[in-house]
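Asker: The following block contains the structure, expressed as structure tokens.
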Amino acid sequence: MHELSLLRGVIDAVNESVPGRNVLAVGMKVGTRSGVDVYALRQAWDLARVDTTCAQARLDLDIIPAAVWCPQCEDTVEIDEYFALRCPKCDTPTADLRGGDEFQVTWVDVE
């Protein structure tokens with residue numbers, strides 16, 4: 001489960017940005033094509049935060065759907081499947097990912 005090591009890195013980054021502060025919540029954007037299992041991430045949070053400044057913090061996730069640019073439709077469209085790199089409207093192949101690969105801390109709430 002690489003989600004645990006990812007979250008340990010997140011907690012380290014949070015500690016660097018707000019040293020010595022008691023963290024109440026951490027907000028993140030996680031894309032559906034980021035390679036991160038959201039369920040595993042939520043489960044790993046309880047393990048990762050033990051004995052850290054995030055021990056009492058909640059994890060708020062904003063799940064970002066995958067999207068690609070379709071040159072035929074001239075539009076950014078959401079895709080449902082992880083390996084589907086075709087426009088769901090016109091079936092044109094495209095590999096121009098425009099969203100869904102995010103894995104970033106967006107905010108931290110501290111005391």
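Quick reminder: no glycine exception, Cβ is built from N, Cα and C everywhere.
In case it helps, TrEMBL gives these features for our protein:
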BINDING   His2  Ni(2+) binding site
BINDING   Cys70, Cys73, Cys87, Cys90  Zn(2+) binding site
Asker: Determine the minimum-neighbour residue: among Cys70, Cys73, Cys87, listed as binding-site residues, which Cβ has the fewest other Cβ atoms within 10 angstroms?
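Answerer: Comparing Cβ neighbours within 10 Å for the binding-site residues Cys70, Cys73, Cys87, Cys73 has the fewest.
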Asker: At the level of the C-alpha atoms, what whole-angstrom distance separates Cys87 (Zn(2+) binding site) and His2 (Ni(2+) binding site)?
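Answerer: Rounded to the nearest whole number, the Cα-Cα distance is 31 Å.
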Asker: Suppose the Zn(2+) site is Cys70, Cys73, Cys87, Cys90. Which further residues of the same chain have a Cβ inside 8 angstroms of that site's Cβ centroid?
Answerer: Pro71, Gln72, Asp75, Val77, Pro88, Lys89, Asp91, Thr92, Thr94
Asker: Cα of Cys73 (Zn(2+) binding site) to Cα of the residue listed as 'Ni(2+) binding site': how many Å, rounded?
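Answerer: Answer for this pair: 37 Å between alpha carbons.
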Asker: Is Cys70 (Zn(2+) binding site) helix, strand or coil when read with DSSP?
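Answerer: The residue in question, Cys70 (Zn(2+) binding site), is strand (DSSP, three-state).
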